[in-house]
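First the structure, in the form of structure tokens, and then the observations on it.
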Amino acid sequence: MRKHPQTATKHLFVSGGVASSLGKGLTASSLGQLLTVRGLHVTMQKLDPYLNVDPGTMNPFQHGEVFVTEDGAETDLDVGHYERFLDRNLPGSANVTTGQVYSTVIAKERRGEYLGDTVQVIPHITDEIKRRILAMAQPDADGNRPDVVITEIGGTVGDIESQPFLEAARQVRHYLGREDVFFLHVSLVPYLAPSGELKTKPTQHSVAALRSIGITPDALILRCDRDVPEALKNKIALMCDVDIDGVISTPDAPSIYDIPKVLHREELDAFVVRRLNLPFRDVDWTEWDDLVRRVHEPHETVRIALVGKYVELSDAYLSVAEALRAGGFKHRAKVEICWVASDGCETTSGAAAALGDVHGVLIPGGFGIRGIEGKIGAIAYARARGLPVLGLCLGLQCIVIEAARSVGLTNANSAEFDPDTPDPVIATMPDQEEIVAGEADLGGTMRLGSYPAVLEPDSVVAQAYQTTQVSERHRHRYEVNNAYRDKIAESGLRFSGTSPDGHLVEFVEYPPDRHPFVVGTQAHPELKSRPTRPHPLFVAFVGAAIDYKAGELLPVEIPEIPEHTPNGSSHRDGVGQPLPEPASRG
């Protein structure tokens, strides 16, 4: 017996056609945000058609960033969009890959759970996909059952890899009933400049391919660089057999935070609510309108250098970039991100050329030796000149290495980059040694997920957080070597936050009388930032960059540092302005 449609959890599937990178994830996130502000409890899920179990071991140039959830899952970057737009933490089950599905099915076959059946894509693979989709409708940790589950199906209709997921979605509709399932298809409407025409044929073919596997979309998102005229929307509705109210024009928006308003203007949320018989309230735009005003009407602009090794693909640092921008929103400031390849900062002259006109330096996470000396060089340059610095994960480790070299440990390094270094100020975590030695799987074995930390009460980070008890998400195998803490402290660097047992260094900083703002964290705070609730560390960092730009913290004139020479302690002094209270801004 099926549940009554007013009490059942509704499922909304988002597919894509014609081309990839049309913005399915942002469309799904924006619709989720719209339904949330209408008073509905929404959760989201991404189905990825690749055979990797998760993106944790994938090349950032191919996949982009790895988004880590509170429970320690390494997931697709779209899950980050979901969390930021819904303003809700999602579980690891919000990302399903073909690799996970096949691994589970094969493990069941080996255990004999299929009782001798011939294991096939249909029904065994599709049944496992359905199980994972339907599991998202279970109550969350607080006992709240979602009103709507939005599931984004990765890939493009017609891809071989996506077929099992589309078939599973079709079967979910058959199982739950048409009144409880909604299909939203995102398609490209290209503009041909020579003829001055918008072309609907690609969308017609894409919908035909979808219908050939048994799925008729309830609504179409038409992606274009301009508004699709009403006449063309009527034509598409007729040829694709879709209600005219379900044909949605979504021209390119100036900001991703404008997309919910675009969908609302086209009344997509109202159409979904009517079609699924959902309870609702009117949209309260107060908070989102304030965000959009901050996005489009900044009072000032600051330039932040993001010094990384994957800067050719900005998606590799997607959450970092969004957290920086959100930190700017708090101050009504626009953050211009300068993408700086770390290789170019190994020398003082290279660092000066890359960082000479920025107001802050951010060192993001990463792996491998390439570009490390450039990150350390960028920190040395910034520290000598009073530039604010924020280091994330590997960024903290680079701050520690630079500090160690400045007090005489000239060969200080990380065991990751130089296993034979005489001064491994960054060491392999004890439970990771077997993995680093190649004796265990790399995937899913790092220190992952949310862990607590205790901050020193009078520290810069405690001032930023406005508390001494924090919890952040992590993804690392290496830690500060406690045997070197006392020596490193001679540089002035302070270990201002640790794990509750005091063993693992979680935060480092220079006191305000040594440098206006140099903060490093072993965590990935960018993963918890929201556009309407920016992360306190990013708020404080952008605030320090604004002060630097305003001339409140003047650069220190120092003699030229010889090339390839570690930064000395004499280059640290001369700046003594305390960090302004971040809460007083914005």
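Any Cβ shown, glycine's included, is placed from N, Cα and C.
Among the candidates Gly366, Gly444, Gly449, the residue that Swiss-Prot annotates alongside Leu394, Gly395, Leu396, Gln397, Glu416, Arg477 as binding L-glutamine is Gly366. The ATP site recorded in Swiss-Prot comprises Ser21, Leu22, Gly23, Lys24, Gly25, Leu26 together with one of Asp71, Asp76, Asp78, Asp87, namely Asp78.
Record note: Swiss-Prot gives Asp159, Ile160, Glu161, Lys199, Thr200, Lys201, Pro202, Thr203, Gln204, Lys235 as CTP-binding, and the candidate from Ser20, Ser29, Ser30, Ser349 in that site is Ser20. Comparing Lys199 (CTP binding site) with Leu394 (L-glutamine binding site), their Cα atoms are 48 Å apart once rounded. Among Ser20, Asp159, Ile160, Glu161, Lys199, Thr200, Lys201, Pro202, Thr203, Gln204, Lys235, the residues given in the record as binding CTP, the maximal Cα to Cα distance rounds to 31 Å.
Local packing around the Cβ, expressed as the count of other Cβ atoms within 10 angstroms, is greatest for Glu526 among the recorded positions Asp78, Glu152, Glu416, Glu526. In sequence order, Pro364, Gly365, Gly366, His474, Arg475, His476, Thr521, Gln522, Ala523, His524 constitute the residues six or more apart from Cys393 (active site, nucleophile) in its chain with CB-CB distances below 8 Å. Cβ contacts within 10 Å of Lys199 (CTP binding site), excluding its own Cβ and spanning all protein chains shown: 15.
With respect to Cβ neighbours within 10 Å, the binding-site residues Thr200, Gln204, Gln397 differ, and Gln204 shows the lowest count. Farthest C-alpha pair in the L-glutamine-binding residues Gly366, Leu394, Gly395, Leu396, Gln397, Glu416, Arg477: 14 Å apart.
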